[in-house]
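Novice: The structure under discussion is supplied below as structure tokens; questions concerning it will follow.
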Amino acid sequence: MSCFYLDLLKIKDPSFMKRLDIQELEALAADIRAFLITSTSKSGGHIGPNLGVVELTIALHYSFNSPKDKFIWDVGHQSYVHKILTGRANQFGTLREHGGLDGFPKRKESIHDVFETGHSSTSLSAAAGMVIARDIKKEDFYVIPIIGDGALTGGMALEALNHIGDMGKDMIVILNDNDMSIAPNVGAIHNILGKLRTSDTSKQTKTNVDGAFFEELGFMYLGPIDGHDIEEVITNLELAKRAKGPVLLHIVTKKGKGYQPAELDSRGTWHGTGPYKVETGSFIKPAKRAASWSSVISNELIRLAEMDERIVAITPAMPVGSKLEKFAKAFPERFFDVGIAEQHATTMAAGLATQGMKPFLAIYSTFLQRAYDQLVHDVCRQKLNVVIGIDRAGLVGADGETHQGIFDISFLNSIPNMTISMPKDEVEARQLMDTAFSYNDGPFAIRYPRGEAPGVQVVESNTLIPIGQWETIIQPLDAVILTFGPTIELALKAAEQLEIEGYRVGVINARYIKPLDEALLHKILKQKIPILTVEESLLKGGFGASVLEFIEANNYRDVIMHRIGLPDEFISHGSVSIILESFGISTTGLVLKIKEMLAQSGKLRAKRL
């Protein structure tokens, strides 16, 4: 029995591991697993993926010499063990907090984080670039991308496999096969890996049909290997190091290994969590006030699909997060989880639309970026009736730069034929869904944020909202705030506070971001009052920029206008409220800006009420 003990908080770098024997490495794995469970139970985080790669990460740092040898963690949410072994365990108390430890690899955080990830399927292409640079510069180091079986379904990963195999350069690809991405994996490639995973002969011969998939691409295939047997993983890593050309090492792991609630998870619930009770596996959550935005949209989609057999739903590997499981159960023949394949999902929706179907593409804002060409070339250019549910629109908080949903307005605004909308509450969400599926003049995007909806009672209503028509919530007199979605609440609170001080500030619900309500804008501009636009998205190319363009195009002069939104930078992780406050997107920020504009217009005065 080993008496090995190591204070994880005192680790500076991975060099100490070279002195450990297998039994001590196994003890280290147990300590790290316990640390991860205790730490994430307080902070939340991607516990499932990290518990699954404890032994693999230890074996990698034992066999290689980071940072000289380059580890590239595809997606990056499974990099916690790597962070512990590279001297960051003492920062886990700040994991995913504002100014704290990032939940993904971060180059500025450590020399051991050689490439930043967050989205899926990028590691192999990055690795290809590194090995080409290495060989041109005649340098000597290993490049080791670690990619999951879910990420391997992404088209970018397959493009890279094709090129890497053709180049024949030295590279060791680690395929971390845990039979999951966030939700269970789908697709033919997943089925091939499943056959390899359960084959007794695959270790004994390189000529088996399934293993030949990788060998025909030009890779030496090793595996499948038990990813929780440190000694076996190290043995095969050493074998891979001696090989010439690209090697694919197939490692089979168990997501959530060592913590029963996470191990038994088949839905993806333990992929990423908030705080939880270690003893029971129950999540610690504030009392739920209302349904999530995703549920509101999904429930309305089900209602509409019950009345119209042409409605189908598509998701790129996010059925749980997008709350489409109930739809899939109700209409299995009309539900399509295409895997991590945003480009395919978008053009598939276009194809469905050409045949008179009514596709609903449920996709996170951050992942819609990956299908921009398909939106432009295949959907918008052909003016096809595709309804796009843009989930997680706006700031998402703890997941940080790679996942903030702040770019979609800017990149959709510039595409002809695109309609962009965002509801302020559940009623308006249903109305916009009904409007979108009644619209027959091109693509229709509905943005909705992460988290709970406001909790407005939904009544049966078939009211459609005319395209481009805004809602006047408070009639403007002294100034006006134009905004949409969750920032409506901030605007109303600011208007209420300013009314106490004697000012009548209008609030306009600009639920259509594109097209603008031109008639209402003309009316407001003729009042010659200060205009403040507010958006939880980028200012460049955003809603406020569209209003400015309208003002210029219509030759309005001497307009006092200001835009509040997010600056031209990537927004780091942290509490959404703290981030918003830092950019003036708060009740106080709005009040101060309105007063500043009133002073500029000469209307700032003493209280009159």
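Every residue gets a Cβ built from N, Cα and C, even glycine.
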Novice: Kindly point out which candidate in ASN65, ASN90, ASN178, ASN236 is recorded by Swiss-Prot as part of the thiamine diphosphate site with HIS77, GLY118, HIS119, SER120, GLY150, ALA151, TYR259, GLU342.
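Specialist: Given HIS77, GLY118, HIS119, SER120, GLY150, ALA151, TYR259, GLU342 bind thiamine diphosphate in Swiss-Prot, the matching entry from ASN65, ASN90, ASN178, ASN236 is ASN178.
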Novice: Among the binding-site residues HIS77, HIS119, which residue has the fewest other Cβ atoms within 10 Å of its own Cβ?
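Specialist: Each of the binding-site residues HIS77, HIS119 was scored by Cβ atoms within 10 Å; lowest is HIS119.
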Novice: Distance between GLU342 (thiamine diphosphate binding site) and ASP149 (Mg(2+) binding site) at the Cα atoms, whole Å?
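Specialist: Cα-Cα, rounded: 17 Å.
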Novice: Considering each pair of residues in HIS77, GLY118, HIS119, SER120, GLY150, ALA151, ASN178, TYR259, GLU342, all listed as binding thiamine diphosphate, report the largest CA to CA distance in Å, no decimals.
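Specialist: The span, Cα to Cα at its widest, is 32 Å.
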